[in-house]
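S.K.: One structure follows; several queries about it will come next.
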Amino acid sequence: MNVTHPRPRTTRTAVAAALAAVLLAGTGCSSKADGGSTGDGADGVKSGPGVTDKAIKLGALTDLTGPYATLGKSIVQAQQMWADETNAAGGICGRKVEIVVKDHGYDVQKAVTAYADISPDVVALPQVIGSPVVAALLDDIQRDKVLTFPQAWAASLLGKDAVQVLGTTYDLDMIAAVDFLTRTKKVAEGDTIGHVYFEGDYGANALEGSQWAARKAGLKVVGQKIKATDTDLSAQVSALRKAGVKAVLISAGPAQTASLAGVAASRGLRVPVVSSAPGYAPQLMKTPAAAALEAMVHVVSAAPAVSSDLPGVKKMVASYGKKYPGSPVDSGVLSGYNAAQLMGADLKKACEDGSLAREDVVKAHRSQKNADTGLGTPQDFTDVAAPASRSTYVLKPDRKAVGGVVNVEEAHQAPGVDEYLASRG
Amino acid sequence: MTGLLDNLLNGVALGSVYALIALGFVTIFKASGVLSFAHGSLLLLGGYLVAVLHDDLGFAGALALAVVVTALVAGALDRLVLQRVGTDSHAAHVQTIVTIGIDILLVTDLARRIGGDLLTLGDPWGDSVTDLGPVTVADSRIAAIVVSAVAIAGAFALFRFTPWGLSLRAAAEDAEAAALMGVRLTRVRAIAWCLAGGLAALAAVFLVAFPAPGLERTTGQIALKAFPAAILGGMASPVGALVGSMLIGLTEALVAGYQSDLHVLGEGFGDVAPYAVMVLVLLVRPTGLFAARGAARV
């Protein structure tokens, strides 16, 4: 008995091992074949990973099941709409555009796997959600020369050839926020302002900006660091009131902005609140804090309100409403569509220059000095180390507007931004 | 001074909500020896039910139904899943691990349903506030304190004056002896789970009512803050859970309120303060503040 048992097992193990080896070899081969093929297409345009004679494949690492699921869905739908429109108009470089979407649920491990999965087969990534995800993939993206537009705006993401933060960074937004407060006489020299911020890259970068601008304006900043799970800001409001703040900046999520405004209003701390762009979502207009938000909050953003009069934005909102009736038109739709258009412009430029190989797409991107999609301010991608834009809009929550927000101030560059960037080197 | 009163009121309100959760932990622990890690997901379930039902049933109806359904789900989890492992004290360790699995399953499904939304529960207090002398306090906070007090008093009455309460205390004292005396352990503990589930659903309403903006997928995680409250109270003592909750609520509110004066301890100390208090208390009283004599260390 004891002698006969091991035999079939060893055979089985051997078979399994052989099978595994074959599978591994198979996948190894196939990814090599997909990823390594470069050469000229029939039309003389050099191709590379993700590019064939008929199609250009783009990738999206998004969050459809995690904390940013709403944002992820908006961006995915907006970019798909762009792809459909582009293909209906004949595609890019005579090729159809395809977007491969991978959901990582805001899990860095899953995102790394998803990147490894799709990166051999795509030429660029017009969407990567999540600062920690981008941070984890930064070196891989740079090595593979995959042009990437992250949906994250920390200044720490600057300086990589293949990674492009679109619009302004968090620190510039907060410099603009402080400028808005002083310029509109909401605070004066010597006043104290509060800054409630998330731990991590987002909050840290925003705080850098607010502290710099406050120092220049003769203001004192009282910081309150919070976590994403803190949704009741009563204690923070108590502390800010005790510190005698004349205004509050907030760089957190929508839930925190709503709590801050609601609590502050109820406690009689009726001071202006200025939020970073990710701190607002149209869903907030359905919460009990809606009135307080409308009365107290402004949002600083590199992108205009979706309810703005820009013809490009109006056209996009109309087509989006037709294609996805019932889906909210939020800032994610605008930023996703804008990113896709910019990516399209880069691909067209690369095609004109004769190569859709990854490194040449990056090169084409870095040659764009005045990229304007008509969806906001033009951007300059030539300086790897500088933000693509220095201009910001000031927006205001509004229950009745599309996307729950309206423009208050058109895009402009806050004074001090150039000096700040120069001082940071 | 106003600041201090503000913080104290905040702390009491937070503490009374934590008490609802901690009392659930304690009841379950007393009845079954299980440390329920599934409590956060039950709380999320209760809140979610109120959120989706209040449009049709009104707030009161939705809340009543949510409390009942969450209670039944909790009872069913115990009866159909946990009790299969066994009812002796050894099985309790296995069951504790099983609750982690249940929590992951429940939270994943609820999070999928909630997505990135911020759900409001349609509570009648909205963002209205009341002036109490020098301090302004949200009506939802006053309601939280009052309702928690009533619910907790009710739970204590159950422990004290009903046959079930007697059975529960007997089972907690010595399960084997209680069983020999005719106490039906399976039923006693299933009812304990139901009670804990109902309390969790009630707590959900006050955790997400104004000044918090609404129910999120992460709301359940807040339940974990009641863990140190239950543990430093002695884990098997309802009074301990109550005192522990107040202590944790006050600590959290005061530390966050005086964050700028506590710079030495680093920013964001409010998050770890409850655990620091728990460790300190356990250093002095290793069995918790109100542990029964001879109780196992926690």
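Here the Cβ of each residue, glycine as well, is placed from N, Cα and C on the backbone.
When I checked TrEMBL for this same protein, it listed these features:
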{"type": "TRANSMEM", "residues": "B:12-29", "note": "transmembrane segment"}
{"type": "TRANSMEM", "residues": "B:34-51", "note": "transmembrane segment"}
{"type": "TRANSMEM", "residues": "B:57-77", "note": "transmembrane segment"}
{"type": "TRANSMEM", "residues": "B:142-161", "note": "transmembrane segment"}
{"type": "TRANSMEM", "residues": "B:190-210", "note": "transmembrane segment"}
{"type": "TRANSMEM", "residues": "B:222-248", "note": "transmembrane segment"}
{"type": "TRANSMEM", "residues": "B:272-292", "note": "transmembrane segment"}
S.K.: Taking contact to mean 3 or more CB pairs closer than 8 A (sequence separation of 6 or more), are the transmembrane segment (B:34-51) and the transmembrane segment (B:142-161) in contact?
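M.R.: They are not in contact.
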S.K.: So what's near the transmembrane segment (B:272-292) in sequence-distant terms, Cβ-Cβ under 8 Å and 6+ beyond its ends?
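M.R.: That would be 225, 228-229, 231-237, 239-240, 243-244, 247-248, 251-252, 255, 298.
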S.K.: Of the listed stretches (B:12-29, B:142-161, B:190-210, B:222-248), which one yields the highest count of Cβ-Cβ distances below 8 Å with the transmembrane segment (B:57-77)?
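M.R.: By Cβ pairs under 8 Å, B:190-210 leads among B:12-29, B:142-161, B:190-210, B:222-248.
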S.K.: With Cβ-Cβ distances below 8 Å as the criterion, list the same-chain residues six or more beyond the ends of the transmembrane segment (B:222-248) that contact it, or say none.
M.R.: 11-12, 14-16, 18-19, 21-23, 25-27, 29-30, 35, 39-40, 43, 152, 155-156, 159, 172, 200, 203, 207, 274-275, 277-278, 281-282, 287-292, 295, 298
